[in-house]
Amino acid sequence: MLRSWDLLCCLWALHLPGAGEGAAAGREIDTAHYRERVKAMFYHAYNNYLENAFPYDELRPLTCDGQDTWGSFSLTLIDALDTLLILGNVSEFQRVVNVLQQGVDFDIDVNASVFETNIRVVGGLLSAHLLSKKAGVEVEAGWPCSGPLLRMAEEAARKLLPAFQTPTGMPYGTVNLLHGVNAGETSVTCTAGIGTFIIEFATLSHLTGDQVFEDVARKALKALWKNRSDIGLVGNHIDVVTAKWVAQDAGIGAGVDSYFEYLVKGAILLHDEELMSMFLEYNKAIRNYTKFDDWYLWVQMYKGTVSMPVFQSLEAYWPGLQSLIGDINNAMRTFLNYYTVWKQFGGLPEFYNIPQGYTVEKREGYPLRPELIESAMYLYRATQDPTLLELGRDAVESIEKISKVECGFATIKDLRDHRLDNRMESFFLAETVKYLYLLFDPDNFIHNDGSAFDVVPMPYGECILGAGGYIFNTEAHPVDPAALHCCRKQKEEQWEVEDLMREFLFLKKSKKSTFKRTADHSERESQTASANVSSERSKGEMNPEKNTKRRIPLLSCPNQPFTSKLSVLGQVFLDNT
């Protein structure tokens with residue numbers, strides 16, 4: 001095990017291409033060349049998915065066919081959609097939008113992962129919706145507060161809401177898209193599966209005006225915070241009914257990772273001091289109990305004693321997250337540790353035993369994960385350190401050499417002998433290729449510094465979009481934070497009109513009970529008002545004093561059918577309870 005930063009620097013120098021005389025020349029990376037290589041990687045994978053696997057979720061590259069994995073959504077197509085635009089392919093983006101509108105159905109009898117459906121499907125559709133105008137899609141009136149992809153994202157998210165109906169507010173891990181949570185469904189969920197909703201669900205609430213999404217996401221976050229240990233750590237798995245920790249290993253990797261990621265990114269997206277303060281408290285405990293020589297180990301959540309001295313490939317997102325809070329020096333040190341593992345194997349094994357300096361049995365694979373590349377992209381934006389481009393170069397070279405096959409790119413089953421597995425996960429196109437391309441493309445619109453933007457006319461004025469500051473969800477789907485401020489006034493105006501109409505109907509009913517009308521015209525008018533009031537009574541809207549406090553619209557989209565409001569156990573979401 002590396003015991004000091006000085007020793008690590010020495011070892012690092014020995015591993016650099018061209019170390020010694022002429023090393024500086026070896027460090028120069030032709031970004032344009034590798035940008036085109038990455039684009040070619042994308043299309044080799046994407047075209048083979050379309051030719052051999054669509055409409056299945058994922059490509060099986062060794063047998064050149066497809067399989068459903070996370071719910072039968074044509075998942076790779078949804079996951080790859082915003083990558084198409086980042087690569088500049090406007091026409092294919094437009095075509096895929098039409099294909100998805102016609103072909104994706106969420107009313108299916110499928111048991112789906114709540115976590116994966118949210119980050120891949122809801123996140124992918126939301127991102128594509130917000131990028132539609134930039135991609136030349138003809139958007140409908142009211143965009144970005146309405147649109148077909150937004151309605152699809154909302155429909156998918158509503159299918160997940162039954163999972164949150166637990167005593168703690170923490171969701172079940174799996175839900176049936178047609179029937180809700182199955183009887184006998186396990187109540188044990190990983191921490192990440194509970195704390196990874198605030199980006200997508202808050203975005204939905206801001207765009208549609210329906211607060212239920214953000215409310216359930218916040219309740220789940222706060223439940224995890226409430227149940228942290230006395231030393232400030234959270235475990236790996238918890239019972240969402242009893243709030244008892246089932247797996248008490250605490251760390252930053254698998255089963256926990258995106259919970260911490262969403263506290264930081266949610267805080268940035270929503271300007272939320274509470275979420276950031278939660279993360280900063282966790283960060284203190286993580287540094288105190290899990291950090292050793294710029295590695296992060298797994299410890300017992302109540303005692304802080306080491307339980308697993310391993311590095312997991314999923315932990316490689318951490319340096320990128322550190323860069324978002326300005327902790328660049330620590331981020332670079334940890335990144336260089338992780339990069340030494342990559343250079344040892346040509347990829348990151350799922351588990352790496354730090355003291356032994358080798359893979360862990362049955363965890364030797366590399367499914368082309370993006371996390372180390374993601375961190376390189378963030379850190380390069382912050383530092384311009386050429387070492388980070390070298391990681392990108394190494395990733396392109398090793399993935400093409402080890403993983404590329406005739407029908408796409410295959411998961412590496414074992415990094416020791418480079419055996420392959422018959423799967424290409426959708427995140428390869430959503431994340432790995434995207435982060436590689438953005439690392440080599442400093443002028444991409446995603447990196448906009450605010451010097452350019454789009455002005456979208458709205459009923460109440462103008463809305464600024466595309467000014468940069470995109471927040472990536474954990475599946476690398478970018479969300480434009482400015483969009484969250486585009487719809488609030490429009491929804492508030494809608495609420496005001498609804499309140500006035502209810503008050504008007506209430507006054508008409510009162511007048512009817514006081515004055516008897518005899519004329520036929522007056523009688524018909526009274527009957528009409530009475531029918532309207534009866535309709536409002538059925539929705540629980542009789543008290544005008546209550547109505548003045550109401551801040552959730554009847555419909556989340558003006559042209560959305562009322563039946564889509566029916567969600568959890570047949571309840572109608574008409575308020576924020």
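Easy rule for this one: first residue shown is 1, then count along the chain.
Just so it is clear, glycine is given a Cβ too, placed from its N, Cα and C backbone atoms.
Features as listed in TrEMBL:
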| type | residues | note |
| --- | --- | --- |
| ACT_SITE | Glu116 | active site, proton donor |
| ACT_SITE | Asp257 | active site |
| ACT_SITE | Glu350 | active site, proton donor |
| ACT_SITE | Glu371 | active site |
| BINDING | Thr474 | Ca(2+) binding site |
| COMPBIAS | 517-526 | compositional bias 'Basic and acidic residues' |
| COMPBIAS | 536-547 | compositional bias 'Basic and acidic residues' |
| REGION | 517-556 | region 'Disordered' |
| SIGNAL | 1-22 | signal peptide |
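Taking each of the active-site residues Asp257, Glu350 in turn and counting other Cβ atoms within 10 Å of its Cβ gives the largest count for Asp257. Taking the C-alpha positions, the distance from Asp257 (active site) to Glu116 (active site, proton donor) comes to 14 Å. Comparing the Cα of Glu116 (active site, proton donor) with the Cα of every entry in Glu350, Glu371, Thr474, these being the recorded positions, the smallest distance points to Thr474. The local packing around Glu116 (active site, proton donor), expressed as other Cβ atoms within 10 Å of its Cβ over all shown chains, amounts to 20. The Cβ neighbour count for Glu371 (active site), using a 10 Å radius and every protein chain shown, is 24. A 10 Å cutoff on Cβ-Cβ distances gives Thr474 (Ca(2+) binding site) a total of 25 other Cβ atoms nearby, all chains included. Rounded to the nearest whole angstrom, the C-alpha distance between Glu371 (active site) and the residue listed as 'Ca(2+) binding site' is 10.
For the pair formed by Thr474 (Ca(2+) binding site) and Glu350 (active site, proton donor), distance between Cα atoms is given as 18 Å, rounded to the nearest Å.
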